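Peer 1: According to TrEMBL:
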type	residues	note
DOMAIN	50-435	domain 'Amidohydrolase-related'
BINDING	59, 61, 151, 313	divalent metal cation 1 binding site
MOD_RES	151	N6-carboxylysine
BINDING	151, 182, 239	divalent metal cation 2 binding site
Ligand code: DUC
Ligand code: ZN
Ligand code: ZN
Ligand code: ZN
């Protein structure tokens, strides 16, 4: 089966050329000017559009049980929404199992969640929910099974203490895995939340007040130092929301430490004044939305290269469920925002179309660097011969207004409702198969495959 994408501007992380792209059996076969049309070949006209590597969203939480609720996008609705927004691979976080649950069991459960349901390709991050010899001994065989990154939490029920973090960093590094971390200082949160609740201050704004920027930045700096003490273990900071944390990361990068950092559209585009709205519960996530000035600091990092990846942290709890569970009390509201369908368009509009970043940098942030960091390279993350034909076609001249009624996730709202974006996701191909075209989802459950990821390799980077 062949597909020819004609007349587009093909963008990779390091180049931009006017060229046609020939796809054969799901793989990119050729990239050249004026490729002759083979017999029986499907043609996609990309005149006036960017042809880019499909998005890779390395931060989702489908189906996750957070104790008080389960996120309501599963591997069908979650990957369907991703596909409609131009994302062709997701890496989901395996949820917490029961106390004492082992990593292999977690993996088996997640294969069961995704198999036959996913519309696009997928993988999982391991989650280290407690530390003992048995868990640490399991890590190498999970890496062999294609799970080459593991998340540590410094807060929530499964938080690790510093000595546990040191043990995990060491073993993950030895096994060729990348450590990722949710950095927030749990003691600060516990103290402040108790103080606000005791004073009867339960409105959504106090969610943000109970987890200030310093609480996140302190944990970022601590993790940088613990990684350095663990044989310079590679470290990936998820969902950075503030400039102070970014300054600590810049310092570590200047000292050639192997650290990388992700931010998310919500931290670039939304701010804490939303907590004052009557529907402020819609915006409860952790870390919380910050003061508007933090957005400038993050955009600066997106522009100057000190922020490496933009992912979503997609984690869907409907507004009606938030209201019912919390009764308006932030401390009883499940945390997380939906957004997997809007990541590319939001960053394209506010980044590329507003002149803050180049199309090449957009590709690096949304696809190429995620592929390299998380062991999907050299199979995904570029439009080049031999790579999977995961492609998104974006029309920069059309505009899109975000309305939840037109999205494909299982939420009952969008945090970006009514936002006008310059650009439109015209077409998404997953391994050569059209999954989104001209405003219609045309993918199928079960087309998506589990991708066995390569071990982390520091030599891919200039550290
Ligand atoms: N933060 C959220 O808001 N939701 C999911 C997990 C997380 O770290
Ligand atoms: Zn288990
Ligand atoms: Zn997190
Ligand atoms: Zn998360």
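Glycine is treated like the rest: Cβ placed from N, Cα and C.
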Peer 1: What whole-number Å value do you get for the CA-CA distance of residue 182 (divalent metal cation 2 binding site) and residue 151 (divalent metal cation 1 binding site)?
Peer 2: 7
Peer 1: Just to verify a number: CA distance, residue 239 (divalent metal cation 2 binding site) to residue 151 (divalent metal cation 1 binding site), in angstrom, no decimals.
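Peer 2: Cα of residue 239 (divalent metal cation 2 binding site) to Cα of residue 151 (divalent metal cation 1 binding site) measures 12 Å after rounding.
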Peer 1: Among 151, 239, 313, the binding-site residues in question, whose Cβ has the most other Cβ atoms within 10 Å in this structure?
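Peer 2: Max Cβ neighbours within 10 Å, all protein chains included: 313.
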Peer 1: Report the residues of the chain - excluding 59, 61, 151, 313 - with C-beta within 8 Å of the mean position of the site's C-beta atoms, for the recorded divalent metal cation 1 site, in sequence order.
Peer 2: 60, 92, 93, 125, 182, 238, 239, 311, 314, 315
Peer 1: List those of the binding-site residues 59, 61, 151, 182, 239 whose Cβ lies under 6 Å from any atom of ligand 1, in sequence order, or write none if there are none.
Peer 2: 61, 182
Peer 1: Tell me, by DSSP, whether residue 239 (divalent metal cation 2 binding site) is helix, strand or coil?
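Peer 2: It is coil.
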Peer 1: Based on DSSP, name the secondary structure state of residue 313 (divalent metal cation 1 binding site): helix, strand or coil.
Peer 2: coil
Peer 1: For a quick check of understanding: among the binding-site residues 59, 61, 182, which residue's Cβ has the most other Cβ atoms within 10 Å?
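Peer 2: Its Cβ has the most other Cβ atoms within 10 Å: 59.
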Peer 1: Note the Cβ centroid of 151, 182, 239, the recorded divalent metal cation 2 site, then list each other residue of that chain whose Cβ lies within 8 Å of it, in sequence.
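Peer 2: Nearby residues not in the site list: 59, 93, 153, 180, 181, 183, 238, 313.
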Peer 1: Of the binding-site residues 59, 61, 151, 182, which ones put their CB under 6 Å from ligand 3?
Peer 2: 182
